[in-house]
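Novice: I grabbed these lines from TrEMBL:
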REGION    201-220  region 'Disordered'
TRANSMEM  6-24  transmembrane segment
TRANSMEM  33-52  transmembrane segment
TRANSMEM  72-97  transmembrane segment
TRANSMEM  118-142  transmembrane segment
TRANSMEM  162-185  transmembrane segment
TRANSMEM  254-277  transmembrane segment
TRANSMEM  289-306  transmembrane segment
TRANSMEM  318-335  transmembrane segment
TRANSMEM  341-360  transmembrane segment
TRANSMEM  381-398  transmembrane segment
């Protein structure tokens, strides 16, 4: 690294530390903060060096990036740092939107105009985001691609799979799974909220509780007459008998969804999945803008949905677990490791190993690693066995090429111990640690 690189990286790293501590208070442990800020600094330096390579005064014999400077890298830098740049440039509108949403109506000068002001701020943000994406990020991507239109390049890339229909079929498959998952969870969460509020007819209630809860009983319990009444009553009775899942079960269900979505995509078309991960991360970033800054019209809905999945690890202002899960699954692929099996390590460790360890540890786990630990030996053994078995199965079905089995097992053992003893967020730490160890051991 040159002197200018060292200065830029150091200053930006300090800037990232400050921003993360200020904007995501209580959202990071020290280890998570280090990983996030190092990753942000690496993306920033890649962006700077690719930009330098296009300026004749600063041009070097080679492009100093951590990965191959392909169009996929340019698109990733346009999507992930670009989405963060959008938030920085439009931060005044975001701040005003959150400030207005939090202020009580009686403290406003024009209370009746609060909905109008919130809509105007949201429309201003959406319009500004479109201008930044098309006018700033889009022009930078076009410049780095040799003045090729990035939107047209994306269309051709979409049709450039194994077959013309392969990548559109992957998008349809991912979209169907995502819609099914969100719809199923929306129904589950709505039922859980309804039955938390619902008091069965005939229950003893005082006058105060009757008065206060009368308006909270959902209209689903006011049944119409006829056949629709019978169907509604049958569905509601089935809902009442269906168990309400715990927060841990809700979170692990998304790990299973990640396995169903990502393993087929990475096995069939890793390059397209690489780009799709970047698009998904940018979409998550904009969704967090909408949630945290209460942007009209979806801010409250997104907040209520995500709020059902948070635990003590999401005690900060930002909800980060879904970012960690996506980044954990994507990072081994983004890092372009020497072995194909390492690209799957994030999905195997989080989607299969961590979920199986949680189920086994809670159901039959007795021997804890330490009195203060919530992790059990049985759960860790299940983690190790499930990850190794999944990797072997993928080899036999032809999803991955031959790999060094002993080194892979050694890597998984070390990751299992990290999962058992670390207090960091598994979604972020385990894939990065596993990829690094696997690369060092030559998996």
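Including glycine, each Cβ sits where the backbone N, Cα and C put it.
Unlike curated records, TrEMBL annotations are generated automatically.
Provide an account of the burial state, proximal residues and distances for the features listed.
Specialist: Long-range contacts of the transmembrane segment (118-142) within the same chain, counting only residues at least 6 positions beyond its ends with a Cβ under 8 Å from a Cβ of the stretch, are 51, 74-75, 78, 82, 85-86, 89-90, 93-94, 96-97, 100-101, 148-151, 286, 289, 294-297.
A Cβ distance under 8 Å defines the sequence-distant neighbours of the transmembrane segment (254-277), meaning residues of its chain 6+ beyond its ends; these are 72, 75-76, 157, 161-162, 166-167, 170-171, 173-174, 177-178, 181, 309, 322, 325-326, 329-330, 333-334, 343-344, 347, 350-352, 354-355, 394, 399-400.
Same-chain neighbours of the transmembrane segment (289-306): 87, 94-95, 97-98, 101-102, 115, 118-119, 121-122, 125, 182, 185-186, 189, 317-319, 322, counting only residues six or more beyond its ends whose CB sits under 8 Å from a CB of the stretch.
Below 8 angstroms of C-beta separation, residues 248, 252, 255-256, 258-259, 262-263, 266, 270, 325, 328-333, 375-376, 378-384, 386-387, 390-391, 394-395, 399-401, 403, 408, 411-412, 415-416, 419, 426-427, 430-431, 434-435, 438-439, 443 of the same chain, each at least six residues beyond the ends of the transmembrane segment (341-360), sit close to that stretch.
Counting residues 6+ beyond its ends, the transmembrane segment (381-398) has Cβ neighbours under 8 Å at 263, 267, 341, 344, 348-349, 352-354, 356-357, 359-361, 405, 408-409, 412-413, 415-416, 419 in the same chain.
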Novice: Could you tell me what the rest of the chain brings near the transmembrane segment (33-52), counting residues at least six beyond its ends with Cβ under 8 Å?
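Specialist: Hits for the transmembrane segment (33-52): 5, 8-9, 12-13, 16-17, 20-21, 58-60, 63-67, 69, 73-74, 76-77, 80-81, 140, 144, 327, 428-429, 432.
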